[in-house]
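Pulled from TrEMBL:
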TRANSMEM  25-48  transmembrane segment
DOMAIN    41-290  domain 'G-protein coupled receptors family 1 profile'
TRANSMEM  60-78  transmembrane segment
TRANSMEM  102-120  transmembrane segment
TRANSMEM  141-163  transmembrane segment
TRANSMEM  194-218  transmembrane segment
TRANSMEM  239-260  transmembrane segment
TRANSMEM  272-292  transmembrane segment
Amino acid sequence: MAIDNEFNVTYITFGGHIELEKYKFLYFAIMFTAYILILCSNSTIVCLIRIKKSLHEPMYIFIAALLFNSVMFSTNIYPKLLMDFLSEKQITTHSQCSFQGFIYYSLTGSEFFLLASMAYDRYVSISKPLQYHTIMRKTTVTVLLVLTWLLPACQLVPSAVIINTSQICSFTLNGIFCNNAISKLYCATPKISYLIYGVFILLNTVFLPLLFILFTYTKIFIICYRSCREVRKKAAQTCLPHLLVLISFSCLCSYDIIITRVEINLSQTARFIMTLQVVLYHPLFNPIVYGLKMKEISQHLRRLFCSEQI
């Protein structure tokens, strides 16, 4: 039943799984392994930055925040997904689905704000090296971190209120976790106002941070072009990982926007594979990029693992 009248609970069925009865143990093994790798790889670098005093700089603090954001993002998706793989019915309550969707988009917005904060940090470091420690004080970093998690969540509060007060007419979600596809389950969603609100969120949490990042990196490239080789080398070492993460995350997020907001038909298999890419690829990509490309972090990681082997 979709509605339990005794407890007044509305249930939603996830309809995006492919041949789950046949491959459920394979799905579980792959995603469980991925989740453990995500937790271990991200947490190792976060703890390393926390322990090593040489890494107590704004750039590394932002990296730790980004990796911690990946852990929270994955924890919001994976435990429920893993339970669904082994369950007879892939269901969730309406309130749990709303909460998962809220956390999902809140942390996605936080990712863009964190990347914007990192771009600003790199811009100040390269364009104003003598004033860097004056501008990027502990207070500044703390304020930026609070805003990166607070602003996206606050902007999504009206959406959460609308969702919880809307009536559901369809009870099967075309996906494997709760995202914007939930809007298609409601009987009468005010299309124009909902679209305007969606565009407002998109502008504030995605396009404005992206424009700011493009502006700062353009300025950085201009400064580097006019500077010596040493400055260009330093900029490449610290900026390249951020750009790789930004491009990767933007490409994956575009899938969610195009498929769930815009009416584009995809086969269920293609939709399933792309959805797994969103939750699988990026949380693993971040620690690999920062662990290999950031010189200070990679050196500490080598010492850590080499000392353990000895």
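Don't overthink the numbers, they just go from 1 along the chain as shown.
Just so it is clear, glycine is given a Cβ too, placed from its N, Cα and C backbone atoms.
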When counting Cβ pairs under 8 Å to the transmembrane segment (194-218), the leader among 60-78, 102-120, 141-163, 239-260: 102-120
Long-range environment of the transmembrane segment (102-120) - Cβ separation under 8 angstroms, sequence gap at least 6: 59, 62-63, 65-66, 69, 72-73, 76-77, 144-145, 147-149, 151-153, 155-156, 159-160, 177-180, 201, 205-206, 209-210, 212-213, 216-217, 242, 245-246, 249, 253, 256
Same-chain residues near the transmembrane segment (141-163), Cβ under 8 Å, at least 6 residues beyond its ends: 58, 61-62, 65, 98, 101-102, 105-110, 113-114, 117, 120, 182-183, 186, 194, 197, 200-201, 204-205
